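For 53, 71, the entry in Swiss-Prot reads active site, with the evidence type sequence analysis. Per Swiss-Prot, disulfide bond is recorded for 24-145, 48-133, 83-99, 95-113, and the stated evidence type is sequence analysis. For 19-147, the entry in Swiss-Prot reads domain 'C-type lysozyme', with the evidence type sequence analysis. Taken from Swiss-Prot, the feature signal peptide applies to 1-18.
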């Protein structure tokens with residue numbers, strides 16, 4: 001009985017966290033989705049951004065009490081501007097997606113929304129990129145990936 005309870009707890013925890021991608025797996029996937037070089041932003045920049053925004057967790061969420069918004073998914077896309085979570089006041093939903101769709105493991109909607117963000121604001125829209133990636137040697141983020 002205890003084993004069944006423990007297994008249930010483990011599976012519930014896994015479902016809540018979603019898929020934590022490996023660094024190179026993430027790099028390969030977003031390259032397939034043509035994010036590498038988009039607006040001259042290198043693949044290493046995107047990998048660095050995802051590392052510091054979500055730790056490569058597709059289901060990551062972070063609540064921002066100031067504007068009552070939430071950041072969603074592996075790229076931590078914000079509900080105040082970019083998606084609809086049904087609870088953020090005055091949400092713009094510029095990407096025309098439900099925020100939960102930005103947490104899908106295939107990354108298609110997250111990447112499409114990221115392209116829209118870059119079209120409008122550039123990669124500087126992400127605070128973690130400005131703080132952890134901008135102006136740094138990012139070669140380590142693609143090391144060993146054989147892309």
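Our numbering is plain: 1 for the first residue shown, then up by one each step along the chain.
Even glycines carry a Cβ here, placed using N, Cα and C.
What Swiss-Prot annotates, mapped onto the structure for a quick look.
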residue	record	CB count, 10 Å
24	disulfide bond	16
48	disulfide bond	23
53	active site	22
71	active site	24
83	disulfide bond	30
95	disulfide bond	22
99	disulfide bond	27
113	disulfide bond	23
133	disulfide bond	20
145	disulfide bond	17
**Message:** On a C-alpha basis, identify the one among 48, 83, 133, 145 that is nearest to residue 113 (disulfide bond); the candidates are the disulfide-bonded residues.
**Reply:** 83
**Request:** Out of 24, 71, 83, 133, 145, point to the one nearest residue 95 (disulfide bond) in space (Cα versus Cα); all of them are recorded positions in the record.
**Result:** 83
**Request:** Can you see whether DSSP assigns residue 71 (active site) to helix, strand or coil?
**Result:** strand
**Averaged pLDDT, computed only over the residues in the domain 'C-type lysozyme' (19-147)** = 97
**Asked** Taking only the disulfide-bonded residues 48, 133, 145, which one has a CA atom nearest to the CA atom of residue 99 (disulfide bond)?
**Response** 48
**Message:** Rank aside, I only need the closest one: which of the recorded positions 24, 71, 83, 145 has its C-alpha nearest to that of residue 48 (disulfide bond)?
**Reply:** 24
**Message:** So among 53, 71, 83, all listed as recorded positions, which is physically nearest to residue 24 (disulfide bond)? Use the C-alpha atoms.
**Reply:** 53
**Request:** Using C-alpha positions only, work out which of the recorded positions 53, 71, 133, 145 is nearest to residue 83 (disulfide bond).
**Result:** 71
**Request:** Given the recorded positions 53, 133, 145, state which is nearest to residue 71 (active site) when distance is taken between Cα atoms.
**Result:** 53
**Request:** Would you identify the secondary structure of residue 95 (disulfide bond) according to DSSP, in three states?
**Result:** coil
